[in-house]
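Going by Swiss-Prot, these are the annotated features:
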type	residues	note
BINDING	S110, L111, L112, P113	(6S)-5,6,7,8-tetrahydrofolate binding site
Amino acid sequence: MRILYWGTPAYAVPTLRQLHQAGHTIVGVVSQPDRRRGRGQQLVASAVKQEALNLNLPVFTPERIKKDSDCQAQLAALKADASVVVAFGQILPLEVLEQPPLGCWNGHGSLLPRWRGAAPIQWSILDGDAETGVGVMAMEEGLDTGPVLLERRLSIGLQDNAHALAEKLSGLTAELMVEAMPLIEAVGAGPTDERLHRLGVQHQAEASCYARMLCKQDYQIDWSNSALAIHRQVMGLYPGAQTSWNGKRLKLTQTEPLIDRLKDQLSPEAQELVGQWPTGGHAGGTVLACIQDLGLVVSSSGCPLLIREAQLEGKSRSRGQALVQQMAAAEQQSIGDN
């Protein structure tokens with residue numbers, strides 16, 4: 001098949017690579033423009049653009065594809081059979097969606113219609129979902145509303161953070177998209193409704209949650225929340241959930257909620273700590289214990305939270321004994337502003 005590929009972050013690289021390895025002709029790659037990053041504010045190409053250049057593929061980087069009629073015309077001239085979109089970062093206008101005769105297909109990083117929107121991986125963890133997955137969806141004008149052709153499910157473990165989960169889902173997306181292409185090609189061109197009917201796609205239910213873009217406030221830990229809610233925040237926003245310690249920013253990167261009903265999902269070391277501190281009696285964010293080989297036990301609403309790894313502003317990430325020493329923490333001190 002002649003495929004026009006749309007994608008931007010590292011998440012989208014495996015799908016491009018595997019479609020290319022499967023023998024499909026990638027007629028072009030569309031990605032977000034180079035952005036300034038880092039302390040030196042150097043222009044840096046997206047991960048997908050870098051991969052495309054490594055594969056000697058033509059690259060297009062429109063600032064806004066919806067308003068760039070010249071780019072739209074260039075892409076139409078490539079005569080792609082189908083478009084494949086994975087985390088591109090812009091909404092495609094109808095005139096672009098209607099170009100390829102075999103349709104535009106999106107690799108979506110969640111189970112639909114559970115999470116639609118910009119940050120489904122993060123919100124699936126934040127909301128405590130037991131499972132997530134990926135889907136290959138026929139694109140239409142609505143945001144993530146199209147019918148689903150294929151889907152794969154994946155359990156979310158208590159210690160799965162957003163980065164680790166994204167890596168798993170990225171690989172699944174690539175596998176699923178490679179599986180989908182022969183099905184799409186076999187059905188051939190024709191009116192959209194007829195093509196989708198022959199493919200046997202599953203139309204989505206109306207009920208869904210919107211995985212909105214994350215904002216600065218989402219990353220700030222509130223120690224009046226439960227240990228489980230804070231843990232999900234640390235995992236879902238990895239590595240960015242933060243609090244403060246003696247006026248400096250403290251990013252939490254690994255925690256364990258010391259909750260009896262979750263005991264079988266905790267590490268052996270954390271299991272031994274469950275139930276050692278009575279609930280209540282301490283303000284949220286109070287250091288209850290400094291355990292040299294594990295980290296800090298901190299109070300929250302209900303059961304306490306074990307901080308196993310964190311990064312203090314101006315320091316490298318540390319864990320266990322090194323973390324306790326770096327923070328010079330003592331019992332009854334307070335973390336955060338609560």
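Keep in mind that glycine also has a Cβ here, set from the backbone N, Cα and C atoms.
Other residues of the chain with a Cβ within 8 Å of the Cβ centroid of S110, L111, L112, P113, the (6S)-5,6,7,8-tetrahydrofolate site, are H108, R114, W115, R116, P120, G133, G135, D144, V148, Q204, S208. Look at the binding-site residues L111, L112 and count other Cβ atoms within 10 Å of each Cβ; L111 has the fewest.
When Cβ neighbours within 10 Å are tallied across all protein chains shown, the highest count among the binding-site residues S110, P113 belongs to S110.
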